Amino acid sequence: MVLRSRCKFGPVLVLFQLGYVALLLLCVTHLRFARAETKTVVQKDAEFDVTYNDTVTSDNQTIYAFNHTVSRNKTEGVRVTVDVLSEGAESSPILFVVRQKQAVLSFQVPLILRGLYQRKYPYAHVGRTLCQPPTRTLTETQYFFVDVSTLSSLGTHYQLRISRVDSFTLHTDKKFSFTASPSQPQYFKYVFPDGVDTAIVKVNSEMTFPCSVMSIQDIQCPVYDLDNNVAFIGMYQTMTKTAAITVQRKDFPSNSFYVVVVVKTEDEACGGPLRFYPLRPDELIDAGNRSKTLDVVVSPAINSDVYVMGMLFCLGIFLSFYLLTFLVACVENKRMHRRREGLLNPADMSPAETGIPNSLMLFLSAIVSTADNASTLSSEAITDSIASDANYGYMERSLESVTGRSRQESLSSIEEDDYDTLADIDSDKNIVRTKKYLCVSDLARKDKRVLSKKYQIYFWNIATIGVFYALPVIQLVITYQTVVNVTGNQDICYYNFLCAHPLGNLSAFNNILSNLGYVMLGLLFLLIVLQRDIIHSRALDRNDLNALECGIPKHFGLFYAMGTALMMEGLLSACYHVCPNYTNFQFDTSFMYMIAGLCVLKLYQKRHPDINASAYTAYACLAAVIFFSVLGVVFGKGNMVFWIVFSVLHILATMLLSTQLYYMGRWRLDSGILRRIVYVIYTDCIRQCSGPMYIDRMVLLVMGNIVNWSLAAYGLLKTPNDFASYLLAIAICNLLLYFAFYIIMKLRSGERIQCMAMVCILFTAVVWGFALFFFFQGLSTWQKTPAESREHNRDCIVLSFFDDHDIWHFLSSIAMFGSFLVLLTMDDDLDNVQRDKIFVF
């Protein structure tokens with residue numbers, strides 16, 4: 001019965017218990033709200049430049065009310081400075097909220113700023129500048145309030161001070177000094193004066209560290225002035241001792257902007273040491289004193305007139321070479337015309353009086369009948385043959401013995417492997433090419449049309465490579481520039497910011513414009529080569545004796561490739577300078593490797609036309625060089641394994657190339673190579689001590705091996721960071737060594753260097769000297785951090801538009817053009833010497 005009654009009233013008891021619990025919760029909530037309503041809120045009328053010492057708890061909140069007069073013609077900054085004086089405030093920070101007319105600023109004190117690996121740095125002293133809302137009236141009284149609160153039940157003592165910043169507005173060309181720290185950033189306002197469309201903002205400091213950030217932001221609230229948000233808007237760059245940003249009026253609708261300077265919590269971004277890893281994730285680390293004294297100055301940048309002058313100056317320099325070339329061609333043509341008239345019309349002189357052999361007089365008479373169609377090369381050849389007869393023992397030879405096949409045969413049906421002038425090419429060439437004393441005639445036995453076609457492939461291949469290489473490069477650098485413009489991150493590109501003149505979307509137009517010389521002088525060189533090619537082709541069509549049997553065999557394919565490479569170097573260097581950094585440095589160096597390799601090949605081809613490397617082999621080797629350049633840039637920095645592998649490959653390649661050159665290609669790399677090496681060592685060194693058969697070649701190769709082994713050892717010991725430049729230095733050293741050897745052997749063989757070639761050599765050497773001086777000025781370097789790189793920045797030195805690196809572009813393009821002319825003209829003295837009288841070295 002009892003159980004039955006309990007079951008009957010059970011639901012009623014449950015409902016009663018639930019109601020009781022709900023009533024208790026309601027009472028507790030009411031008590032909490034009643035307690036909250038008892039929280040004390042105190043509002044005080046406050047004044048500027050007065051320090052307020054107070055205490056805040058969770059039971060009280062203090063509001064400081066300020067008012068000040070704002071003028072449209074004068075901008076004053078307002079700065080809030082707060083200090084927390086109580087110990088242990090990190091666990092219960094104070095919240096400060098500044099309420100303005102059009103902006104709200106809030107921050108806690110101690111201010112916790114994060115570094116790498118979630119390191120936390122507390123700052124008990126905080127200073128912030130308030131954003132100034134614009135006013136439309138002449139004068140206006142504005143109010144703002146500072147709310148101070150905390151959730152700590154314990155009292156926290158603090159100091160509050162509001163002050164005016166009288167020097168808030170920067171003036172043109174007037175330096176202003178200030179102090180900043182991570183918790184006390186600074187920013188100032190600059191208004192473009194009338195007539196100034198572009199300004200350059202420079203921030204400098206005597207202190208390298210702490211690392212800081214300079215930012216340019218539009219006039220709007222809020223202003224991002226802390227380490228964790230300064231990159232959210234505007235343009236910015238890290239700095240150690242110097243920073244500079246060029247600002248254009250068109251980017252700021254209000255014709256004014258803020259210059260924000262923030263000191264970072266850590267120095268890693270500027271190349272400084274990295275702090276230890278925290279033992280506990282929530283451990284607070286004392287940052288120490290990170291105050292930094294800086295000064296800022298805003299100066300007008302160049303105007304449009306300077307841009308025009310810079311472009312005209314650049315065009316004028318290189319167009320002058322076109323004019324000079326035209327004048328030299330006119331003078332030379334007139335001089336040769338007079339000489340031809342004097343030779344072909346000897347007034348009142350007998351052959352004996354002229355000193356010209358009868359056979360040559362007959363030859364001249366044959367030429368007279370076709371004088372109207374004769375070329376400059378023909379007349380020059382006749383004249384020079386007279387002058388060089390005594391020196392080189394020029395032998396007469398009938399035209400019938402050298403005409404050979406008809407030159408009307410189609411080139412398209414001839415291949416190098418199908419035709420050779422040697423009677424038995426498989427056996428006889430081994431005898432000819434291993435003679436102790438070789439002449440050019442021994443290595444110029446293949447058909448000229450076949451070799452011409454072979455060397456023309458150099459030009460077509462490099463033109464194809466250039467197109468396929470340049471198109472993605474242009475697309476990539478445009479993307480780089482777009483990223484810089486959109487994000488405002490100027491640490492992406494390593495400019496000389498003290499002399500970086502923007503134009504349109506380009507940040508450093510002057511560095512791009514200065515590459516025009518490579519393109520213009522490369523085109524001029526192509527025109528000069530084309531003119532020589534046409535003259536030589538006409539001479540061959542006439543079966544001219546000198547063109548067929550005398551002088552260094554003229555193959556212009558490599559010259560065309562060199563001129564094209566110079567033009568491509570200008571284009572790709574301009575692309576690199578759109579946004580220079582370590583990821584695209586290969587754009588600037590790839591065709592430098594090409595140029596160095598082509599120059600070496602041309603020097604070798606001059607006296608080894610039959611056995612020079614094919615275009616496919618040459619470009620494959622250059623592709624391997626560029627491949628290693630990319631690997632070195634990406635993996636070579638501080639990687640000893642990479643340097644060991646590269647040094648071993650460098651030495652092996654040097655030895656293989658030396659063997660190839662010494663034996664003129666008449667050796668085999670097969671399974672019996674070791675046996676043959678041991679045999680040669682035994683017969684030539686142990687059994688009997690005999691010297692090398694080819695002494696001149698051995699001297700060159702020994703010197704080359706010494707240089708290359710030394711460079712390999714240097715790279716292995718020093719492991720330079722700039723691997724691309726190190727690789728380029730290897731190429732240039734080998735080119736200079738071979739060129740010096742060629743000149744020495746040329747003079748040693750009794751040959752001479754004509755006046756034009758000597759002028760080119762001297763002029764080029766002087767220009768290279770000045771060019772290298774400006775190159776080593778080092779205005780920026782991507783081997784360091786962007787902030788460290790900016791320490792090397794310098795002002796413009798020419799027309800307030802071009803810097804040292806631009807002068808390097810000017811001079812190096814001229815020097816390369818001169819170097820090409822040297823290669824083109826250095827053997828002109830042999831144009832009338834039979835090839836069996838010209839030695840191979």
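Here the Cβ of each residue, glycine as well, is placed from N, Cα and C on the backbone.
The following features are taken from TrEMBL:
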TRANSMEM  306-331  transmembrane segment
TRANSMEM  458-478  transmembrane segment
TRANSMEM  512-530  transmembrane segment
TRANSMEM  558-579  transmembrane segment
TRANSMEM  616-635  transmembrane segment
TRANSMEM  641-663  transmembrane segment
TRANSMEM  723-744  transmembrane segment
TRANSMEM  756-776  transmembrane segment
TRANSMEM  807-826  transmembrane segment
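Residues 501, 503, 509-510, 513-514, 516-517, 520-521, 524, 528, 531, 798-802, 810, 813-814, 817 of the same chain lie 6+ residues outside the transmembrane segment (306-331) yet bring a C-beta within less than 8 angstroms of a C-beta in it.
Only residues 6 or more beyond the boundaries of the transmembrane segment (756-776), in the same chain, are considered here, and those with a CB under 8 A from a CB of the stretch are 804-805, 807-808, 811-812, 814-815, 818-819, 821-822, 825-826, 828-829. Residues 457-458, 461-462, 465, 582-583, 585-586, 589-590, 593-594, 597-598, 601, 642, 646, 649, 723-724, 726-727, 731 of the same chain lie 6 or more positions beyond the ends of the transmembrane segment (616-635) yet place their CB under 8 Å from a CB of it.
Same-chain residues lying 6+ beyond the ends of the transmembrane segment (723-744) with a Cβ under 8 Å from its Cβ atoms: 585-586, 589, 592-593, 596-597, 599-600, 603-604, 625, 628-629, 632-633, 636-637, 650, 699-700, 703-704, 707-708, 711, 715, 753, 826, 841. Residues 455-456, 458-459, 461-463, 466, 469-470, 473-474, 477-478, 480-481, 484, 492-493, 506-508, 511-512, 515-519, 521-523, 525-526, 529, 585, 587-588, 590-592, 594-595, 598-599, 601-602, 605, 809, 813, 816-817, 820, 823-824 of the same chain lie 6 or more positions beyond the ends of the transmembrane segment (558-579) yet place their CB under 8 Å from a CB of it. With a cut-off of 8 Å between Cβ atoms, the residues of this chain six or more beyond the transmembrane segment (807-826) that come close are 314, 317-318, 321, 511, 514-515, 517-518, 521-522, 524-525, 528-529, 532, 559, 562-563, 566, 569-570, 573, 595, 599, 602-603, 743, 746, 753-754, 756-757, 760-761, 763-764, 767-768, 770-771, 774-775, 777, 797-798.
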